[in-house]
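Here's the structure, in C-alpha cells; my notes come after.
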Amino acid sequence: MAEGDNRSANLLAAETANLEEQLQGWGEVMLMADKVLRWERAWFPPAIMGVVSLVFLTIYYLDPSVLSGVSCFVMFLCLADYLVPILAPRIFGSNKWTTEQQQRFHEICSNLVKTRRRAVGWWKRLFTLKEEKPKMYFMTMIISLAAVAWVGQQVHNLLLTYLIVTFLLLLPGLNQHGIISKYIGMAKREINKLLKQKEKKNE
C-alpha cells in the first residue's frame with residue numbers, strides 16, 4: 001500500500017514538474033489569473049462578470065457562424081500562446097519572481113494535474129460501468145443526454161454557454177470563500193429536518 005502511494009506521489013510530482021516546465025512562460029499570467037479567480041479583492045467578482053458579459057454581448061452582436069467562431073477562438077489561442085511568453089516578462093517583470101510566487105505556481109500546476117487525473121478517472125469509470133453494467137450505462141447515458149438536450153432546447157445556446165462559463169469562472173472564488181460549502185451545509189440541514197419530520201409522522 002505504501003509502495004503504491006509513493007509511486008503515485010512520485011508520478012504526480014513528475015507530471016507537475018513537466019507541466020511547470022511547459023507553462024513557465026505563462027507563470028506571471030497564471031498567478032494574476034489565480035488572484036482574480038480566488039477573489040483576492042472585492043471588485044474581482046463583478047469584474048469577471050463584466051468581462052464575460054462584454055465578450056458574450058460582442059458575440060451576440062456579431063452573430064458569427066459556428067465555423068467563424070471556432071476559427072476566431074483557435075486563432076486567439078494561437079496568438080496568446082505566441083505573445084504571452086514574450087510580453088509577460090516585460091509587463092510583470094520576471095526578475096521579481098519570489099519564492100512565494102514559485103510555490104503558488106507549483107500549487108496551481110499540481111491542482112491542474114489533479115483535476116486532469118480526476119477527469120481521466122471519471123472517464124475510465126464510465127467505460128468500466130459500460131463493461132460491467134451495460135444496461136445501467138445505457139439508461140444513465142440516455143437519461144442524461146435527453147435531459148441535456150431538453151435544457152438546450154428550452155434555453156438559448158448562447159445564454160446557456162454564458163451561464164456555464166460565468167459559473168465556472170466564479171467557482172474557484174466561491175470555493176475559496178466557503179460560499180458553496182455554506183449553502184450545501186444549509187441544504188443538508190434542511191433535508192435532515194424534513195427526513196426527521198417524516199420519521200416522526202410515520203411513528
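Every residue gets a Cβ built from N, Cα and C, even glycine.
Annotated features, as they stand in TrEMBL:
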- 26-183: domain 'RETREG1-3/ARL6IP-like N-terminal reticulon-homology' (DOMAIN)
- 42-62: transmembrane segment (TRANSMEM)
- 68-88: transmembrane segment (TRANSMEM)
- 136-153: transmembrane segment (TRANSMEM)
- 159-180: transmembrane segment (TRANSMEM)
Other than its close neighbours in sequence, what residues sit by the transmembrane segment (42-62), given a CB gap under 8 Å and a spacing of at least six beyond its ends?
35-36, 69, 158, 161-162, 165-166, 169-170, 173
Confidence summary for the domain 'RETREG1-3/ARL6IP-like N-terminal reticulon-homology' (26-183), mean pLDDT rounded:
88
